[in-house]
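Reading through the structure tokens given below for one structure.
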Amino acid sequence: RYSLFYNHLKNIEECEGGLDQFTKSYKIFGVNQLLEGGIYCREWAPGAEAVFLAGDFNGWNPFSHPYKKLEYGKWELFIPPGEDGCPAVAHGSKLKVVIRAQNGALLYRISPWARYVVREEDKVNYDWVHWNPPQSYIHKHPSPKRLKSLRIYESHVGIASPEGKVASYKNFTYNVLPRIKDLGYNCVQLMAIMEHAYYASFGYQVTSFFAASSRYGTPDDLKEMIDVAHSMGITVLLDVVHSHASKNSEDGLNQFDGTDSCFFHSGYRGNHQLWDSRLFDYANWEVLRFLLSNLRMWIEDYRFDGFRFDGVTSMLYHHHGIGTGFSGDYNEYFGLHVDEDALCYLMLANHMINSLHPECITIAEDVSGMPALCRPVAEGGGGFDYRLAMAIPDKWIQIIKELKDEDWNMGNIVHTLTNRRYEEKYIAYAESHDQALVGDKTLAFRLMDAEMYTNMSVLMPLTPVIDRGIQLHKMIRLITHALGGESYLNFMGNEFGHPEWLDFPRIGNNESYHYARRQFNLTEDDLLRYKFLNAFDRDMNRLEERFGWLASPQAYVSEKHEANKVIAFERAGLVFIFNFHPYQSYVDYRVVIWHSSLTVVFKYKILLDSDAGEYGGHQRLDHNTEYFSEEYPHNYRPHSLMV
């Protein structure tokens with residue numbers, strides 16, 4: 001694999017003036033204004049017989065501005081400035097690339113490199129709008145330094161409001177970012193930013209890869225949002241979709257040059273049977289140019305601090321993970337079923353990012369467990385910094401859905417939370433956007449279900465269902481945070497047990513926005529119990545900020561007691577003790593502590609207590625109590641203490 005990667009890199013260095021020039025192509029392709037006022041245009045359309053540019057600037061004459069054909073399927077056009085020195089194509093004017101296909105048909109297309117596309121309310125398709133304002137937004141704040149402990153707030157701009165509408169970049173900037181900062185998250189991962197024609201696709205059916213979604217505002221609004229996040233010390237990641245593309249042709253990449261291929265594999269291999277989308281040909285030189293340049297544009301133009309690569313499992317295998325289980329056997333990861341071209345692209349992407357912007361972070365969404373995916377490219381690895389621990393949320397769902405509380409298996413919980421590849425960093429999460437979507441249930445909804453509608457008021461008696469749900473919601477998140485990985489992720493709203501599910505406007509729900517929103521206002525109502533979960537999540541993150549357990553070595557688990565339903569472990573100098581027993585509390589309970597001194601007595605105090613009153617607990621512990629270590633062997637260790 002490294003040899004394949006090295007050969008690609010060597011060819012780029014020799015043929016394209018190096019990786020730096022090759023990935024700067026976003027400044028050349030598409031429609032670009034030159035300093036002297038002229039317009040330079042370049043496209044790659046290998047199947048086209050002729051290429052033209054039409055738009056407001058020439059009265060939509062499809063033939064007045066033909067491109068010149070270059071080698072390897074490229075086309076270029078230069079439009080000089082007008083007599084007054086002004087650009088021939090004005091900012092805000094509409095454009096289309098006109099392709100004469102091999103069958104003679106004229107195809108009106110949006111450039112794959114378009115920076116801004118909009119859809120008018122009375123239209124179905126998007127329009128390409130030339131974005132070249134007299135003064136673009138100027139970033140004022142530097143990007144944060146690379147974080148050691150990553151606490152990620154997974155977010156969607158459009159639903160980030162209690163109102164039933166598409167929210168804006170401005171709303172996120174001034175109303176949501178302060179909330180994220182207060183909750184103790186130091187990183188925001190933005191979904192659905194790359195333009196997608198179908199809102200309900202959650203941003204995963206991308207139509208314009210270089211365009212920031214216009215439904216939330218302008219490119220400058222997004223730049224301001226990222227800049228303000230940086231001023232707060234918040235790292236900003238983009239959920240990038242390079243695993244597939246929308247089948248749209250009028251306003252997407254599909255059949256751009258009139259052929260079935262171009263950016264994609266032709267025939268069966270070029271279609272994803274479950275997603276109904278097109279699959280990139282990662283062996284194609286110009287596809288590599290397009291995708292690598294796309295990453296670089298988001299970093300350099302918008303100042304994103306890295307990426308979460310979506311659908312990596314689909315990329316890695318010719319079977320795309322469809323109907324395939326992964327047990328961890330190495331035969332599942334090496335063989336002809338692996339798409340080496342896609343894997344090589346991911347290695348090139350990570351190498352480019354690490355070489356040109358070493359402060360950036362990359363995350364792989366891979367459910368298969370591909371070995372070495374998060375090891376350096378120089379070791380033959382994939383080059384990612386983190387991978388998502390996707391087994392953890394599945395385990396919590398399985399436990400809550402299938403088992404009685406007294407049947408919870410402590411050893412199985414610990415195994416799931418600690419079962420990760422050696423020296424590869426994992427992002428732990430109890431739930432993400434996947435569990436919030438319609439058809440699934442969040443942890444809070446699974447735990448409390450219909451009673452969330454009637455019994456979340458503090459004026460109502462605390463029912464057993466609500467009591468159990470609130471306590472387990474906190475405990476599940478804390479043990480996942482502290483034991484499950486080297487980073488932590490939460491989807492917006494789930495931190496306070498957001499009621500109901502997430503469903504975007506579509507025909508099936510009469511185009512309703514009722515479920516396409518986040519009711520942050522619930523945490524601000526002192527009469528509702530959501531405030532307890534919100535406060536616990538905040539203080540959990542702040543405690544991690546103080547002690548940095550995510551950046552510490554894996555925890556030492558000293559106890560997983562099946563009868564007592566107790567899990568105890570140490571990490572970053574802290575002792576974590578969880579009692580999952582449904583009705584049994586303990587006094588004078590002995591737990592192991594780890595320290596090397598035989599003579600020094602260590603004093604411990606409670607730092608975070610899920611049973612505290614401010615978190616909706618029963619206040620059964622005295623926080624003034626001091627606990628002292630003893631030279632008393634327990635669980636095969638020489639020191640312990642009583643709690």
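Including glycine, each Cβ sits where the backbone N, Cα and C put it.
Feature annotation from TrEMBL assigns domain 'Glycosyl hydrolase family 13 catalytic' to 163-479. Looking at the domain 'Glycosyl hydrolase family 13 catalytic' (163-479) alone, the prediction's average pLDDT is 96.
If you look up TrEMBL, you'll see Asp310 marked as active site, nucleophile. Neighbour density for Asp310 (active site, nucleophile): within 10 A of its CB lie 21 other CB atoms from the protein chains shown.
Neighbour count (other Cβ atoms within 10 Å of the Cβ, all protein chains): 20 for Glu365 (active site, proton donor). Annotation comment: TrEMBL describes Glu365 as active site, proton donor.
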Q) Cα-Cα separation of Glu365 (active site, proton donor) and Asp310 (active site, nucleophile), in Å? A) 5
